[in-house]
Amino acid sequence: MGVRRLQMIFLLLFFCFVGYCHSEFAPKYTFLKQATEAPPVSYYDYIIIGGGTAGCPLAATLSQKFSVLLLERGGSPYGNSNITNLASFADTLADVSPTSASQRFVSEDGVINARARVLGGGSCLNAGFYTRASPDYVRRAGWNDGRLVNESYSWVERLVAFQPPMLQWQSAVRDGLLEAGVTPFNGFTYDHIYGTKVGGTIFDRNGHRHTAADLLSYANPSRLTVLLRATASKILWNLKGRRKPAANGVLFKDETGRWKRAYVKRGGEITLSAGAMGSPQLLMLSGVGPKADLEKKGIKVVVDQPMVGKGMSDNPMNAIFVPSPTPVETSLIQVVGITRFGTYIEAASGQFFAGSAGGGGGRGSSAEAPAARDFGIFSPQTGQLSTVPPKQRTPEAIERAVKAMNKLDQSAFRGGFILEKVLGPLSTGHLELKTLNPDDNPSVTFNYFSDPLDLRRCVQGIKTIEKVIQTKSFNKFRYPFISIEALLNMTVSFPVNLLPKHKNDSKDLEQFCKDTVMTIWHYHGGCQVGRVVDGDYRVIGVDGLRVIDGSTFYFSPGTNPQATVMMLGRYMGVKILNEKVHGR
C-alpha cells in the first residue's frame, strides 16, 4: 500500500477515534440531572425555562452568584453523534421520533421547519455558521453597553467558535462572489461587513459541533441545577394583594408524567428562554396573551396582552442546486456574501450533503450501515414531499421516495447548493395555540414574501447566485452543458416544501422564489421588545418575569443569529447580576 498511504489511514483512524471520544462522552457536568430526580417542590433564586442558545449562557452567568434552575424539555446533546458530527447534520432533522432533538413543524404557509428539543437548543441543529450582528443592529436593539456586548461575544467565542478550513468548493464560492461583484473581500472575521468574508463556525477542525451547552462549563456547579426531559406547562402566579401579577413558580412534568413545582425565592425571577415558538406559547398557556384567544381555549386570563404571538417572521431561503463534475468536500456554511441590496449568499456542499453513513438518523445508527443517498434538507428524509398530494404525504410515501433516491447513481449526489437568505424580513405573521399541551406545536404563519421588498430582494439574490455559478472561479464545479435554466428546473423538482409548483418557474424568478421557499431556521418574533417585553426584557404587565431569546427580535441579527442569541444570554446575565449588586 505504501508507507505514506498507511500513515494517512492511521491519521484518519486517529481522528475518528478522537471524534468518537468527543461525541460519546459528556463533560463532567455534576449539575446535569433527569427531571425524574427532582423533588416534588423546590426553591431557587432564578428559574430559566429553556436550555437553548440563550438559556445556557444565561444560566451559567447567573449561577456565579445565585442558585439557578434550568429546565430543558429535551435531552443531552452529548453522546448523540448525529448532533456532534458535521457529516450527520441532516440526520437529526430527519429524525421524527418522540425523543428526537428536532421537533418538526409545518407552518401554515406550507414550509417545513424544526424547533429544538435538546440542551443547547438550535445550536445543536443548525449549519454552524458563527457571525456577529452589525453595530447598527446592536444600537437599534438597545444594547447600550458596547463594551459588554463585545466582551459577551468574546466570552462565547472562547469556547464554541472556530475558523473553518477553506477547501476547494467553499474557496470557489468565495472567489465567485468576488468575481460577481460582492466586494470587497474582508478575510476571516466574525464582524458583519458588506462584501464577502469567511465567517466562524461552531464545528472544530475535526468536524465536531460545539453548542451552547458547552457554555455551561462556565457555571458554578454548586449553584446550578439542569433538569432534562422537564416540560414546563405554565408559569405560576402570586395574585394576592398585588397591583400586578407576579411570577413566582413553574409547573413542569418529568418524562414519566409526574407533575412538579419549582418556585423562586423572595426577590427572584423567572426567565423564558424557550425560543420563538416556545416562549409565546408558554406565555399564552400561562394566561398572558390576547384575551379573546385565551378565553376560546378556556385559559384563565392573567394579563390581556394582544401582542403575544404577533410579529412572527422567518427569513425566506431559496437555493440553486449545482451538480459537480468533480468531487467536492462536505461543508456547511463557511463563506457569506453580504450584499448591499439586502440578501446574504451562502453555500453548502458534499458527497451526500451532510447525510450520515448510517442514514437512519437515530441515536443507535450503526457506523457500518450502508451509505444512504441524501440531499440533506432537500430530501424526502426530512418529510418534504411537495410533489405528492397532501393526503398522500405519509411515512410510506417518504419511505418509497428514500428507496428511489438510494437507487440513484452516486454522481447524482456530487455538488452543492448556493443559497440566498433575505435580510429582515419585512413580511410578518402570527402564532396561535392549537392545544393546551405544551408538547404540541402551536400554529404559526410567517406570510413569506407578503411584503414586495422581500420578493424583490430574493430575485436579486437568485440573480447574484446565477452570476457566481457562471464565474471563471466556479468553472471546475459546473457542467458547462447544463444551463442556468436547467439548474433552476432541477432545483424546482426537489421536494423542498408543500407548495404547488408552476411550469414557468425557471423563467419567472418571482415565481421561483415563491415556489421554492424554505426555512433556514432563523424564525423570530412573538415576544418583541416594546410590545411584549420592555428594554430590560421584563414582560410588560407582570412582575418577576422576563423573556430572553430570539422571540424578542424584530429582525434576525447578522447573517446568522446564533452568535448574537448566545451573546444576549451572557449580556443579560451580567446586567441582571449588576442590577442585584446595585440594588435595582
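Any Cβ shown, glycine's included, is placed from N, Cα and C.
In TrEMBL, annotation is done automatically, which means it is predicted and not curated.
On a predicted model such as this, the values are computed, not experimentally measured, just so you know.
Some features that TrEMBL has for this protein:
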{"type": "SIGNAL", "residues": "1-23", "note": "signal peptide"}
{"type": "BINDING", "residues": "Val118, Trp521, His522, Gly550, Pro561, Gln562", "note": "FAD binding site"}
{"type": "DOMAIN", "residues": "275-289", "note": "domain 'Glucose-methanol-choline oxidoreductase N-terminal'"}
{"type": "DISULFID", "residues": "Cys458-Cys513", "note": "disulfide bond"}
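What TrEMBL annotates, mapped onto the structure for a quick look.
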| residue | record | Cβ neighbours (10 Å) |
| --- | --- | --- |
| Val118 | FAD binding site | 28 |
| Cys458 | disulfide bond | 28 |
| Cys513 | disulfide bond | 24 |
| Trp521 | FAD binding site | 22 |
| His522 | FAD binding site | 25 |
| Gly550 | FAD binding site | 29 |
| Pro561 | FAD binding site | 26 |
| Gln562 | FAD binding site | 29 |
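The domain 'Glucose-methanol-choline oxidoreductase N-terminal' (275-289) scores a mean pLDDT of 98 in the predicted structure. Taking only the Cα positions, the spacing between Gly550 (FAD binding site) and Cys513 (disulfide bond) is 25 angstrom.
Here Gln562 (FAD binding site) is positioned 25 angstrom away from Cys513 (disulfide bond), judged by their C-alpha atoms. The two recorded residues, Cys458 (disulfide bond) and Gln562 (FAD binding site), have Cα atoms 22 Å apart. When every Cα pair among Val118, Trp521, His522, Gly550, Pro561, Gln562 is compared, the largest distance found for this FAD site is 18 Å. When DSSP labels each residue, the domain 'Glucose-methanol-choline oxidoreductase N-terminal' (275-289) comes out as 11 helix, 2 strand, 2 coil, counted as helix, strand and coil in that order.
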